[in-house]
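Undergrad: Please find one structure pasted underneath; my questions will follow.
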Amino acid sequence: MTEHILRMSGITKTFPGVKALQDVNLSVRQGEIHAICGENGAGKSTLMKVLSGVYPYGEYDGEITFEGKRCEFGGIRDSEHAGIVIIHQELALSPQLSIAENIFLGNERAKRGLIDWNRTNYEAAELMKRVGLRENPTTPISDIGVGKQQLVEIAKALSKRVKLLILDEPTAALNDDDSAHLLDLLRELRDEGITCVIISHKLNEVTAISDAVTIIRDGRTIETLDMATDHVTEDRIIAGMVGRALDNRYPPHEPTIGEEALRIEDWTVYSPSQPDRKVVDGASLTLRRGEIVGLAGLMGAGRTELAMSVFGRTYGVHISGKIFKNGKPIEIRNVQDAITHGIAYATEDRKRYGLNLIEDIKRNISAAGLKGLAKRGWVNENQEFRVAEQFHQSMNIKAPSVDSIVGKLSGGNQQKVVLSKWILTEPDVLILDEPTRGIDVGAKYEIYTIINRLADEGKAVLVISSELPELLGLCDRIYTLSEGRITGEVPRREATQESLMHLMTKGQE
Amino acid sequence: MNTAMTTGALRLRRVPGKYLPVVVTGCLLVAMFATGGIRYEGFATGQVILNVFIDNAFLLVVAVGMTFVILTGGIDLSVGSVVALSTMIAASLMEGPGWPPYLVVPLVLAVGSGLGLVMGYIVHAFDIQPFIVTLAGMFLARGLCYTIGTDSIPITDPTFTVFAQTRIDLFADLWISPSVLLAVAVVVVAAYVLHYTRFGRTVYATGGNEQSALLMGLPVGRTKIAVYTISGFCSALGGVLLSFYMLSGYGLHAVGMELDAIAAVVIGGTLLTGGSGFLLGTVLGVLVLGLIQTIISFEGTLSSWWTKIFIGMLLFVFIVLQRLFSARSRR
């Protein structure tokens, strides 16, 4: 049996109020490709940050042994010195610098303090040959695609004499050809003796290239499977990823489903940063009055992109497709159009995109629907105060008054402000993107109750969520999205976490 | 009844938080006035305050425009140059071809607004930092002054001289100039617009969080263009007031005034990052700057550079105060 290059044992990492990792164990053998699987928020990335020293020794409990030695990394430099290199999902390259400069960034080939450009470019070319990157070393990073940038990152890792390479969602942003090339490269590196840990949502890739899989759920290690001896299938991994019971965290709701409110047909969106990559690919979906519809998908599946492109083209380029409101085709060119057509979108990142944190509750609630509170441009402040006070009561926003600054409220109360703001615009269709992210359990129940109430008032609600139990507990019907395409539409009664996860990880055939 | 009283009480308790910087500036102003009154004979009269208004009416108008821009999170460095250009255009047209003031003044205002409009459009359409766009505007306007003339052009137009010399008597020997009335009118109108219109709300929302304002369907682009236009208009109006005050047009008028205006706005408690602040604060900020000058001149022995030193120290204090304040409200 080959020896273990890395052992992490009993890793526990706590953030204020949350245990992100609890007693996690991970053992990686020398020269293998080891996959880590888990749902969004299971703790995979946190674990890798502990390993690479982003969270320095002392901020977590537990023990890391690398090549037989105990490690106490104080930062990324320490872990890189030991031979552990992490490549994050968002690549850490400097776009204006050349490939060669990026490869040796922070590790420059210098002679007496001056950069030796010949050596830099020569060695860069050698490394680029190893990763199969055919470009001139002096080409700026911004001139090459994401797939090639990923290769530059790997070349950079090789330049640091990497022994353990960690890749976080390496293929999430890549097209099929680039993904295939990257996976081949990882196999080659393995044959050269470099150990790889990859975090991936794409289970077909995991089963195709890895030698072992560790499954993490809710911050705990569930199991480690050996690909060769355990006959691991995608089903087997999914069972490990989701296996938990639904409890009574959702208010009961009997839907009264009415007419079709919004229909989207053949909706295609391209990425603004890579205009040749489809982020949403021919998606079609229908929302009906009084119905709560879920949209499930893993990170990078295109959920938010779909929602935002529909909501006044706030994301994406070359958007094509049709939108029907109450059966009639409509044109939505900007947010104002969307609001006029009775569509509201509550963002997944309310602090950055949903609220004016330095402003008070009253003005945040009135911001989007100010038209209804103003006559010829002049705001009726008394009416504004009354309306805000109504929401303060009806949404149970816990704040001393509607003059409280929104930035000081808890996540749950901030979300209630966001919902109030959109309800004031009197929408027929509400798109709620991760409505309970970062909210404690009690407030979640309140948000669910509000969502149910909105549906009962005859509004169509689309809930985007990373938490499958939430979708199963709340929605009447669930769409699944994978790599930009709708891969399934399942009524609540027939949906299980396993069946959804299958559809969500379905790759392109 | 009972609930009305509790909400009333709660509203009162909130006042210090949001208005804190303005209250601090107000207290500072009172303290400065009291110190001056104790130290110097003849300082503690109403006319001293009114003189500050009279001497700084143009700065007040310019600072009003600057307040709009800074509230959206932008900056306008061109104001001083636009003021100078306005005095230059006014003086040259009235003295050279002898145009009447009722043609010249609207023309000057249109030129200032037009410059602001163009800068605002560039900021919005090309998504360029306002700092660099208005820096370009600053050079442009200053340079244009010298294409009109390199020397100071005296203004002898009777309407202007009458306007410059008119005293409006208030009670008890107190008086103000017509410029002060105009400046106060500008402040009042601007305060109303900022506080009571959808446009004003959009200004605050844009400065508070531009991305969220966009996702609420607010007309962010239009608003940004509008605030630079307003700032251009205010600068031109400030230029007209300055030419009443100086009775001349000159390319070296109002050098560095953009910085005085920014200082007044910041000392008035408006966040330089946008989204928070009041016009009342800007008025107090201008008064603080003016009162520093008055105190220095009463002192007699200090050189006028001490004005700058005091303004510098005050600015340090205020930006630190703002940082502490905003750090607290973000939490």
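Backbone N, Cα and C define each Cβ position, glycine as well.
Annotations in TrEMBL come from automatic prediction, not curation.
Pulled these from TrEMBL:
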TRANSMEM  B:20-40  transmembrane segment
TRANSMEM  B:52-71  transmembrane segment
TRANSMEM  B:77-94  transmembrane segment
TRANSMEM  B:101-122  transmembrane segment
TRANSMEM  B:128-149  transmembrane segment
TRANSMEM  B:170-194  transmembrane segment
TRANSMEM  B:225-247  transmembrane segment
TRANSMEM  B:259-292  transmembrane segment
TRANSMEM  B:304-325  transmembrane segment
Undergrad: Mark yes when the transmembrane segment (B:170-194) and the transmembrane segment (B:101-122) have three or more Cβ pairs under 8 Å (sequence separation 6 or more) and no when they do not.
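TA: The transmembrane segment (B:170-194) and the transmembrane segment (B:101-122): touching, no.
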Undergrad: Okay, the transmembrane segment (B:304-325) and the transmembrane segment (B:52-71): do they have at least three CB pairs under 8 Å, pairs separated by 6 or more?
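TA: No, these stretches are not in contact.
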Undergrad: With pairs 6 or more apart in sequence, are the transmembrane segment (B:304-325) and the transmembrane segment (B:225-247) linked by at least 3 Cβ pairs under 8 Å?
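TA: The transmembrane segment (B:225-247) and the transmembrane segment (B:304-325): touching, no.
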Undergrad: I need to check the long-range neighbours of the transmembrane segment (B:128-149): which residues 6 or more away from its ends have a CB within less than 8 Å of a CB in the stretch?
TA: 69, 74-78, 80-82, 84-85, 88-89, 92, 115, 118-119, 122, 228, 249-251, 258
Undergrad: For the transmembrane segment (B:20-40), what are the same-chain contacts with Cβ under 8 Å, counting residues 6+ beyond its ends?
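TA: Same-chain contacts beyond the flanks: 48-49, 267-270, 277-278, 280-281, 284-285, 287-288, 291-292, 294-295, 298-299, 314, 318, 321-322, 325.
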